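Novice: Pasting a structure below so you can have a look.
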Amino acid sequence: MNVNQQPHMASPYGQPQPGYQGYPQPGYGGGHVPAGIPTQYAPYNGPGAANQQGQPQGYSPYASFPSKTVAANLVSDLSSSSPLDLGMRGPPTSGAPPVTPAQNYSQFGDTQNGPPPMGAPTQRPSVSQPYTPGAVNLSGPQPSYNQQYGAPPNSMQQMTNQMSIMQVGSTAPSPAGPGYAPPSVSQAPVSAAYTPSAPPTFLPTSAAPTHPPPTEGVAQPPPQSYYGVPPSARQPFPNAAPAFSSAGTTHPQAPPPVSQQSFPQAPPVSQPPFSTAPPPGPIPGPRADSYGGPPPGAQTSFQRPPLPTSQPSAFQGGPTSHPSAFQGGATSHPSAFQGDPTSHPSAFPGGPPPTSVPSQIPGVSPPQPPVSQPSSYHSGPPPTAAGFPPQGGPPQRPPLSGMQAPPHMTSQGPTMVQANHVPPSQPGMPTAPPNASMSGPPPQPGMQGYPPQQNGAFGQVRGPQPGYAGPYAGQQNYGAPSAAPAPAPSAPKRLDPDSIPGPIQVIEDDKANKGSEPFTTGVRGLAPPLVTTNFQVKDQGNSSPRYIRCTAYNVPCNADMAKQSQVPLAAVIKPLATLPPDETAPYLVDHGETGPIRCNRCKAYMCPYMQFIEGGRRFQCGFCSCVTEVPPHYFQHLDHTGKRVDCYERPELSMGSYEFLATVDYCKNNKFPQPPAFIFLIDVSYNAVKSGMVGMVCQELKTLLDYLPRENPDMESNIRVGFVTYNKVLHFYNVKASLAQPQMMVVSDVADMFVPLLDGFLVNVQESRVVIESLLEQIPEMFADTRETETVFGPVIQAGLEALKAADCAGKLFIFHSSLPIAEAPGKLKNREDKKLVGTDKEKSLFQPQVGFYNTLAKECVAQGCCVDLFLFPNQYVDVATLGVVPTSTGGSIYKYTYFQAPTDQERFLNDLRRDVQKPMGFDAVMRVRTSTGIRATDFFGSFYMSNTTDVELAGLDCDKTVTVEFRHDDKLSEETGALMQCAVLYTSCNGQRRLLIHNMAVNCCSQLADLYRNCETDTIINFFAKYAYRSVLSSPTKNVRDSLVNQCAQILACYRKHCASPSSAGQLILPECMKLLPVYLNCMLKSDVLQPGADVSLDDRAYLRQLISTMDVAESHVFFYPRLLPLQKLDVESTTLPVAVRDSEERLSRGGVYLLENGMNLFLWVGANAQQELLQNIFGTPSFNHIDPSMTSLPALDNPFSKRLREIIETIRTQRSRYMKLIVVKQEDKLELIFKHFLVEDKSNNGGASYVDFLCHMHKEIRQLLS
């Protein structure tokens, strides 16, 4: 992606922009976004009726998403879930909360990964406990607004209120990294974390109020879309789910009578809350954890004038004894979100995550502030009488004076409003950190500890909060005229994002718990460490997670249970995955002419699941239970345990992965294959020559041909090579070793393609080196002055295919192509790019091939073992959806370099080409997945062709490709035997050997849903959902695809809530410990360019990404959807470890920092405007921010430890990914920042995608609807 090419702002995937409309457009939210981007939620116009759907330019996060505010009392469900307390609790229980017995799980607490043992559900602390207000986190001056209460809530309102009380159980982020606490077992009372000193930490930065860091007087960039064009036609996030309107509020289910609403109570001291440790560094905005009175010192600074007594201050518990809503989160409820917070660091990764312990804030209960006491959350003059500036919407409802909200609801009072009201960022504007430098995550709209307020809550109208005319500089005011600026730019309150589950905490916990010990595969059903953890694997009978990852390691015993849970049962298989140097590649077993031993009935290959009987003379198949005779040459005696005595000497009896040398019976036409061939087909039309691509390919091939894949590094490669150039006609080259000069033969009859020479076209590199080098020198000169602009494409593939057929071998075509093939020939295409179809029912046609020609051609290629890799260099639409049909059906890859320019894109292209030519691969492969009785493979995703329902045919299979398999029940499974799968891949190696690669995997079976939810892997589930969704866009409108994803995830979580979580009120969002990140990752996927494109994302980019993701492994899809963001200012040059990543939100960026963001496709270096001079000098060789050249694509090699370490890190990151990532330097407030912000996936996106907080509330609303 050439983002830095000045000529055009290319999109992150290298897409042409429709014209970057000058920079100065109205600030991010300031006026209308160009072309009125449909904002996604309606403005908040007051209670009750306020959920109007209209979408005025301002969008109040709560208006249509009330539940967002629902606070999030994070309750870690006792059963291993992370509940987010959205406020409503069930009737209070009395008595002190029982303390859950600690179940040991490493040093961190429970064993449970899922719900607690059925026997004794842990109980939630009783409501009547004293309210323990944690320290209020006043992280910065906050304006105070008096909120008036309206009439007492009727049941609907009550509900709302309740929802609004939803609090995220919070606690300060721990030093371990933002949002995640160390495994401290007993913690000091929360309030400690926020001693007066805390706020100060935050203060310095809080001066940047709500605006994104960049503000200091610098104009904010316009809301351009991240690729440079104004986001005009975007659909609002809720395409899938229209405005998340009053989530909680509208919920049909009536809230418990007020008297029963129990608010969170103080938890037992021993259970640490979600992130109990004090935050590292500045405390990000208000935190949920701190509820209760302000910390002593801090209080004064944030005082607001006292509310009239009749309105209990938001923080206080109100006169009544109910603990204030605030507290709730803070204290008692196990942190809903928390998924077992800190105590189990291993979020789910390691052993089962602990969940049963409700994580709570330690029980010190600070006294509640008296009612009249100013709520520490506000500073600044009281608002107007109504409590808010006039609203733009319907007339304000006058406050009903004297009406007091029911005491327990009070906790919500005024404060909340504003806190939660910080709207998620506007389309072009990811939320900015109130406190830029904060290391902990910033508060997010809607989720902090203040009870979020619903639309109609308390009958009062909620307008923009005074003092913050939009939440960010220039953001539109939510439906109201902008109010006078508040006295001090105060950091607005929102739901504290640290109190909702964050990926970084989970990733760091998993590294801490599972990164040190080797992962042994001998235990059936043991979930492996996360893909983000570095770990060593010891194969002891099941395949390594590098080869196979499952969505669930505990499969339901029957179809009804699977259907009820909606958890997909799938495996992501990467047969030729590369292993780290400290792991052994699969052993090659040669059984001679008899070939591998197999079951007579189901044909499964010998593996550790076969049971030898009758003294070793026969074996019973683990898959179908058929008994088969052991051939005499394979016989061996059994020991006293029934195992063969040679068990550990034979890989097929003791390992999960191994290879068999195939016999001639496994070869086509019963004859051993020829070594494969590589054919390079180069477009020499005007565009290709002018861009420098032709010269670069020819130059690179001279050296690259020495690195063709080989089995043994000391031997020469057996692969033969051939060369073709083309524009409207094809030129074949004879490079036979005996020739003095290469000979060119032109085929102009492209309608009936044939290969004009047999001898001399495919040659051995070593023998013909001189002739090949002469040819590569001459090609750029021959076509230097070409004026031919038209190209063909179908005949090019046909030519390569015919050459392989003539040589009777499999092989790979490397096609370097630049433009839409409009010349008269088979496979001719027309430009059908029509943005008007985006978002309509006809949009799916844009992802389907234009013509059927390429599908037929792909089938022929697969039959011959002809794999196609396509390198595209487009300057405009080339119809990737159609050109990509053959590569994606043959196991090939597509690489795209939009607006290719040699100086800036050379490094990326050449690195991709080198890796593509050198990587280990198999040819002419067939894969079959066998399963034990009870389940079967029903669906497959990836780059392959299937001529029947069982065989996956791959003309080529390389080390980066995955095949994803979905399983369904066809009978009952038993808990004793578990479920088995065996993936067998028959392929030709690069030296022409026919082999069988076997990967075996055994998982447990369960009859309890709780066991299923305890052993799932969210990253794999998201990988599967992405592939399923990206394939679905071929047949359904994208809105329907998004809706079905949201619905399925809501069903998964609702089923858990209903059957596994301990009973609690509907206002709590309870998530299984293993799946607490499902909402954040799902939201990232829903906002992706394929499912919800911005106006500037081209159809080619979307088709390219759709095809790319179909073969991604779990590690790549994880970082693609949730990019890694590293704070370089925290880099320790002495250490070999990387700084802990921060969450993907603009709030986490500090103006004084430098951050590296990577997603496997793009690599950005974001430089804050106030970055320290020393840091800039070390990285760029200049102390001045203004002198940094944003067009640089590589960092200068400076002689200082920081520069060396940073360059090493960048190289390491690049080697971990299958595609080379070009470095893009983004200076804060520069136009490229719009592209960078597109990857801050927890924020509201330019294209209408919801912020994480909003989406979480939307999911909660969906779950409640399902439960009711």
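Every residue gets a Cβ built from N, Cα and C, even glycine.
Automatic prediction, not curation, is the source of TrEMBL annotations.
Take a look at what TrEMBL says about it:
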COMPBIAS  12-26  compositional bias 'Low complexity'
COMPBIAS  45-58  compositional bias 'Low complexity'
COMPBIAS  101-113  compositional bias 'Polar residues'
COMPBIAS  139-168  compositional bias 'Polar residues'
COMPBIAS  210-224  compositional bias 'Pro residues'
COMPBIAS  236-247  compositional bias 'Low complexity'
COMPBIAS  265-285  compositional bias 'Pro residues'
COMPBIAS  310-345  compositional bias 'Polar residues'
COMPBIAS  409-418  compositional bias 'Polar residues'
COMPBIAS  424-433  compositional bias 'Pro residues'
COMPBIAS  446-456  compositional bias 'Low complexity'
COMPBIAS  463-483  compositional bias 'Low complexity'
DOMAIN    596-634  domain 'Zinc finger Sec23/Sec24-type'
DOMAIN    673-917  domain 'Sec23/Sec24 trunk'
DOMAIN    922-1005  domain 'Sec23/Sec24 beta-sandwich'
DOMAIN    1018-1117  domain 'Sec23/Sec24 helical'
DOMAIN    1136-1210  domain 'Gelsolin-like'
REGION    1-65  region 'Disordered'
REGION    79-502  region 'Disordered'
Novice: So, taking each listed stretch (596-634, 673-917, 922-1005, 1136-1210) in turn and counting its Cβ pairs to the domain 'Sec23/Sec24 helical' (1018-1117) that are under 8 angstroms, which one gives the highest count?
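Specialist: When the Cβ pairs under 8 Å are tallied, 673-917 comes out ahead.
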Novice: Cβ under 8 Å, sequence separation of at least 6 from the ends of the domain 'Zinc finger Sec23/Sec24-type' (596-634): give me the contacting residues as numbers and ranges.
Specialist: 541, 589, 642-644, 652-656, 660, 662, 930-933, 977, 980, 982, 984, 996, 998, 1000, 1002
Novice: Going by DSSP, how much of the domain 'Gelsolin-like' (1136-1210) is helix, how much is strand and how much is coil, in residues?
Specialist: 24 helix, 11 strand, 40 coil
Novice: Can you give me the average pLDDT across the domain 'Zinc finger Sec23/Sec24-type' (596-634), rounded to a whole number?
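Specialist: Mean pLDDT for the domain 'Zinc finger Sec23/Sec24-type' (596-634): 95.
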Novice: Going by DSSP assignments with H, G and I as helix and E and B as strand, what are the residue counts for the domain 'Zinc finger Sec23/Sec24-type' (596-634)?
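Specialist: In the domain 'Zinc finger Sec23/Sec24-type' (596-634), the DSSP-based counts are 6 helix, 11 strand, 22 coil.
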